[in-house]
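Quick notes on the structure that follows.
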Amino acid sequence: MDGDRVEIDGGIMEGGGQILRVSTALSCLLGLPLRVRRIRAGRSQPGLRPQHLSGLEIIRDLCEGKLEGGEIGSTEISFTPGKIKGGTHIADTKTAGSVCLLMQVAMPCVLFAASPSELRLKGGTNAEMAPQIDYTVMVFKPIVEKFNFTFNCDIKKRGYYPQGGGEVIVQMSPVKELSPINLTERGTVTKIYGRAFVAGALPIKLAKDMSAAAVRCIRKEIRDLYINIQPVREPDDQAFGTGSGIIVVAETSTGCLLAGSSLGKRGKNSDKVGIEAAEILLRNLKHGGTVDDSLQDQLIVFMALAKGVSRVKSGPITLHTQTAIHFAEQLTKAKFTVTKSEEDDPSKDTYIIECQGMGMTNPNL
């Protein structure tokens with residue numbers, strides 16, 4: 001079998017956990033045995049961290065596969081997938097590792113399972129270096145469902161850095177195949193909304209300050225639009241630990257959703273948190289694309305699996321997106337092209353990501 005293993009270099013390009021997520025999900029879907037070497041080679045702590053290991057374990061369990069080298073700090077793993085099955089699967093990072101990243105690795109796989117699945121994901125819901133759960137629900141979910149599937153995401157408990165302790169339950173049914181998407185028309189921004197939250201020991205005043213600062217910042221650029229950023233205090237029985245943050249979403253006339261978000265931390269002024277989220281949103285609105293830079297790379301695996309041609313207009317291509325494309329092309333028969341968007345004002349940095357998908361069909365349906 002070892003002669004047929006696909007060899008993946010985990011130290012190139014983005015060089016982090018994303019390479020593991022993309023390659024093991026595709027390995028599971030396509031039944032390709034895999035070896036990943038030099039895992040997170042360039043990071044300050046190379047090798048597997050708890051959240052990467054949880055991601056590998058949930059994939060292994062989903063398809064009754066075989067994982068070798070699955071321990072913290074390991075820089076090489078071998079994975080032999082089995083058959084994807086539905087049912088209930090639990091993944092627990094036991095840290096503040098992101099539940100959203102666990103969802104990213106498992107979701108494409110359970111779409112092609114034999115029966116409906118329930119994923120119980122435990123860890124951080126609002127973590128640094130990962131999409132916040134609010135982003136997943138408010139932006140990722142409505143857009144990714146355009147590939148013609150639906151899922152339910154129930155936030156049981158929120159968890160923050162450093163303890164984690166959050167839990168999210170994701171339920172989804174398998175599909176026969178994924179439809180391609182065409183997200184090339186931005187339209188005009190019709191509304192801006194969001195939520196600024198505090199949990200645990202923090203006062204609601206911080207949420208109000210974050211919200212007000214974000215609104216002031218957006219107002220400088222966009223004057224005539226009503227902006228509704230709700231300050232909220234997470235109920236104590238639905239949040240573990242202390243945390244704060246904000247997400248601001250812009251919705252357009254064509255149904256595009258773009259966002260900016262930021263997390264509070266000790267010593268960081270709450271106005272600064274609000275302004276940071278607003279500036280990320282404004283930067284994403286400036287480039288004229290239909291997706292923000294957090295969504296860009298999360299769509300690549302679905303585009304690769306879909307049947308037919310998907311097209312997405314985006315701002316500058318992130319390293320995460322280049323990495324996802326590289327490994328999606330290496331493992332599937334999908335073909336991506338990225339071209340500068342011609343119809344736009346040349347001063348805008350807009351690109352069209354086009355993919356001829358492999359047309360994966362669910363053998364179980």
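Including glycine, each Cβ sits where the backbone N, Cα and C put it.
Taken from TrEMBL, the feature domain 'RNA 3'-terminal phosphate cyclase' covers 13-338. Predicted-model confidence for the domain 'RNA 3'-terminal phosphate cyclase' (13-338) is 97, expressed as mean pLDDT.
Listed in sequence order, Arg21, Gln298 are the same-chain residues six or more apart from Gln104 (ATP binding site) with CB atoms under 8 A from its CB. Marked as ATP binding site by TrEMBL: Gln104.
Across the domain 'RNA 3'-terminal phosphate cyclase insert' (184-285), DSSP helix (H, G, I), strand (E, B) and coil residues number 37 helix, 37 strand, 28 coil. Annotated domain 'RNA 3'-terminal phosphate cyclase insert' per TrEMBL: 184-285, in sequence order.
What TrEMBL lists as active site, tele-AMP-histidine intermediate is His320.
Residue density at His320 (active site, tele-AMP-histidine intermediate): 19 other Cβ atoms are found within 10 A of its Cβ, drawing on all protein chains shown.
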